[in-house]
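Remarks on the structure that follows.
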Amino acid sequence: MLDAQTVEKPLTHIKSKADLRKEVDASGEWTVSQIEALFALPFNELMFKAQQAHEANFPEGDVELATLLSIKTGGCPEDCSYCPQAARYDTDVKAEKLMGLEEVLEAAKAAKAAGSNRFCMGAAWREPKDRDIEKVTAMIKGVKALGLETCATLGMLEANQAKALQEAGLDFYNHNLDTSEDFYRSVISTRGYQDRLDTISNVRAAGMSVCCGGIVGMGESREQRAAFLARLANLSPYPESVPINHLVPVAGTPLAEQKPLDPLEFVRTIAVARITMPKARVRLSAGRQELGRAIQAMCFMAGANSIFYGEQLLTTGNPEAEQDLALLAELGLKTKQSCKAEVLV
């Protein structure tokens, strides 16, 4: 059941999509109340509107397959409440050194052979040092040479570091907002919200595409989920890739006992993301294994068109590749073939 914070509001105050769109066009931005109104639509109506937005912008209806590799695991000095890689938490994740170039390239070759379009490299750093950037740029060049799109998530970036990654050929840089600004401090204290926005600005200024999303189910209210999506949608331009994670509670972290978000509320979140960011790749990220096949199918109906693909994400499990391909085939969904980066204009 949905909690009191996620119960649908009376429909008397809900405006039509056309009215909402006019207000957005006039102001240039989505408001939290407008996005709350979308959340509160009858489920079938919300799904229909999301499908309309999806089909208008992705008529081919394909699903992008992205593989995520942890190139440097554990030992992070930050205190993100959801993350088992934080050194201060007693989890099963052990600190490891940065992977070598050949090991990364072997993983990228395996990902391409399995059908992935994009290869994402993640490192558990607060921010990379310049010597780290030199090593990662070699990885980027090697992965690009295989014909894969590249993405990296390395923590906060200075402008010169972002430029170095772009010059190496990096297509996307991931830096999530995680949640709404007012809920953020209850989850993280070691990195400010503005720090995240500054990194996104540095990525844009360097000429790379942005991958930016967050995590739902951390105890936030529906209003806070709406505020989170409003902030994403009002970035100019909004992110080309929007990963939406469903919290995976991990033993030893502060959110280990967090009550799961209602699955239908997660589907609503995907639908609202599609409507408010119609040209973005909306990616089902962590937590898919826990959601199961039926909810994932509903997420694809709601406009999700990208998944993290492969048995392991950074530190949490993921459906096996064969299971994903079988589900997509059963739903009649084809996978994205082109490796050309999509850029919003």
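Quick reminder: no glycine exception, Cβ is built from N, Cα and C everywhere.
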Swiss-Prot [2Fe-2S] cluster site partner of Cys151, Cys211, Arg283, selected from Cys83, Cys120: Cys120
Secondary structure of Cys80 ([4Fe-4S] cluster binding site) (DSSP, helix/strand/coil): coil
Under 8 Å by Cβ from Cys83 ([4Fe-4S] cluster binding site), counting only residues of that chain that are 6 or more apart: Cys76, Tyr89, Val250, Thr253
Pairwise Cα distance for Arg283 ([2Fe-2S] cluster binding site)/Cys80 ([4Fe-4S] cluster binding site) [Å, integer]: 21
CB-centroid shell, 8 A cutoff, [4Fe-4S] cluster site Cys76, Cys80, Cys83, site residues removed: Glu78, Asp79, Tyr82, Pro84, Gln85, Ala86, Ala124
Which of Cys76, Cys80, Cys120, Cys151, Cys211, all binding-site residues, has a Cβ with the fewest other Cβ atoms inside 10 Å: Cys80
